[in-house]
Amino acid sequence: MKNPEKPLLLFLILASSLASMATAKSTIEPCSSKDTCNSLLGYTLYTDLKVTEVASLFQVDPVSMLLSNSIDISYPDVENHVLPAKLFLKIPITCSCVDGIRKSLSTHYKTRTSDTLGSIADSVYGGLVSPEQIQVANSETDLSVLDVGTKLVIPLPCACFNGTDESLPALYLSYVVRGIDTMAGIAKRFSTSVTDLTNVNAMGAPDINPGDILAVPLLACSSNFPKYATDYGLIIPNGSYALTAGHCVQCSCVLGSRSMYCEPASISVSCSSMRCRNSNFMLGNITSQQSSSGCKLTTCSYNGFASGTILTTLSMSLQPRCPGPQQLAPLIAPPDNVPKELMYLPSPSPSPSPEFDDIAGGGSSIAAVPAASPGGATVSSSNSIPGNPANGPGGSISIASCPLSYYSFIALLIPIGSCFFVF
């Protein structure tokens, strides 16, 4: 007599094996407070999309998204510019503490015709989330059939690690590993080291697989604004920009240093006074005067935004010698295409050369000469942006996240800690 349980047992073993083959790892940061931090998502466009359409996918400000990628916002109608498929962007998000771990739940998605949880996770959001994670985040909604217009919460990975990496200011990027990536290539691309990446992600060995999500520390400039300022804690990664004070102020991280430089933004909005009190200095003005005793510097600096007022500080200092001009990251023109010959190269170095600077991470690289304004003039670069992981950030853990796709034969969710496996 045949054992009816044997085929079922073999079936479950096979299903389990297939599921484990599709398992990806991600780093989770435990937390206990209600504080938030700025974080970044590494996102590769799955199709041509307008700037506003990309921003809408993540419910972020389109102008801030452009500046996070050093894209010039002075171009006419830049928010409706069509960005090419395969372009890699850094998406600025707010990282919260939810159910004891760091994640972002501020992104919502309305389903469209032919959507599945798999296509939403793998295609629309580029593997930053799994179908199972979407299902868990929307457990009160019947997802057996996705009706057009169903509103879904999209849980996205993020990390804070106290805004530091090896005791230096840092912002963390959630990066989805591609098939051609190596740890050395990722480390080189984002100006870090394999050892640091391994420590931050609590990896026993620097082994990665496609679909893994790494927390990548980006060196940054931190602010020192008063706690009552709405932009208290602003941190900007090197080579990027940030808008603050209601789009009135544009800040950057000076290349080769940890100094944040702020000046009036290049977009037209109604703003409060940007003049330093009891002076003729405007926000961002710096003067130097060399004398026999040294260099006298006078600076009108940004000090935060509070109650609709732009706070400024006038400071004077004496230094041994006068500093050279600010070395700020070049702004680039809104990209129209992604060079095919660069689309599938391994992660390149972020170090600028005379011809290229990489902004197209997961998909490709784009020429990053200073952007030419619509009138033909060159736009001067006038700004930039932004774990205690000497032995890895305290409390960071690597776990196996959920499989990236469903298996059609049976859907059996087995919760294990913070992860769900689908057989």
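Note: Cβ is positioned from N, Cα and C throughout, glycine not excepted.
Note that the coordinates shown come from a computational prediction; the quantities given were computed from them, not determined experimentally.
Feature annotations, reproduced from Swiss-Prot:
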- Cys31-Cys97: disulfide bond (DISULFID)
- Cys37-Cys160: disulfide bond (DISULFID)
- Cys95-Cys158: disulfide bond (DISULFID)
- Cys97-Cys160: disulfide bond (DISULFID)
- Cys221-Cys253: disulfide bond (DISULFID)
- Cys248-Cys276: disulfide bond (DISULFID)
- 107-154: domain 'LysM 1' (DOMAIN)
- Asn162: N-linked glycosylation site (CARBOHYD)
- Asn238: N-linked glycosylation site (CARBOHYD)
- Asn285: N-linked glycosylation site (CARBOHYD)
- Gly394: GPI-anchor amidated glycine (LIPID)
- 1-24: signal peptide (SIGNAL)
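Look at the Cβ of each of the glycosylation sites Asn162, Asn238, Asn285 and count the other Cβ atoms within 10 Å; the largest number goes with Asn238. Over the domain 'LysM 1' (107-154) the predicted model carries a mean pLDDT of 95. According to DSSP, the secondary structure content of the domain 'LysM 1' (107-154) in residues is 15 helix, 8 strand, 25 coil.
Most buried of the disulfide-bonded residues Cys31, Cys97, Cys158, Cys248, judged by other Cβ atoms within 10 Å, is Cys158.
When the disulfide-bonded residues Cys37, Cys95, Cys221, Cys253, Cys276 are scored by other C-beta atoms within 10 Å, Cys253 scores highest. The shortest Cα-Cα distance between Asn162 (N-linked glycosylation site) and any of the recorded positions Cys31, Cys37, Cys95, Asn238, Cys276 is the one to Cys37.
Using Cys160 (disulfide bond) as the reference Cα, a 10 A cut-off selects none from the recorded positions Cys221, Asn238, Cys248, Cys253, Cys276, Asn285. Within 10 Å of the C-beta of Cys160 (disulfide bond) we count 24 further C-beta atoms, all protein chains included.
Counting only the Cα atoms, the space from Cys221 (disulfide bond) to Cys276 (disulfide bond) is about 23 angstrom. The recorded positions listed here (Cys31, Cys95, Asn238, Cys253) include Cys95 as those with a Cα within 10 A of the Cα of Cys37 (disulfide bond). Inclusion criterion for the disulfide-bonded residues Cys97, Cys158, Cys248: a C-alpha placed within 10 angstroms of the C-alpha of Asn238 (N-linked glycosylation site); this criterion is met by none of them. Cys95 (disulfide bond) has Cys31 as its nearest neighbour among the recorded positions Cys31, Cys248, Cys253, Cys276, Asn285, going by CA to CA distance.
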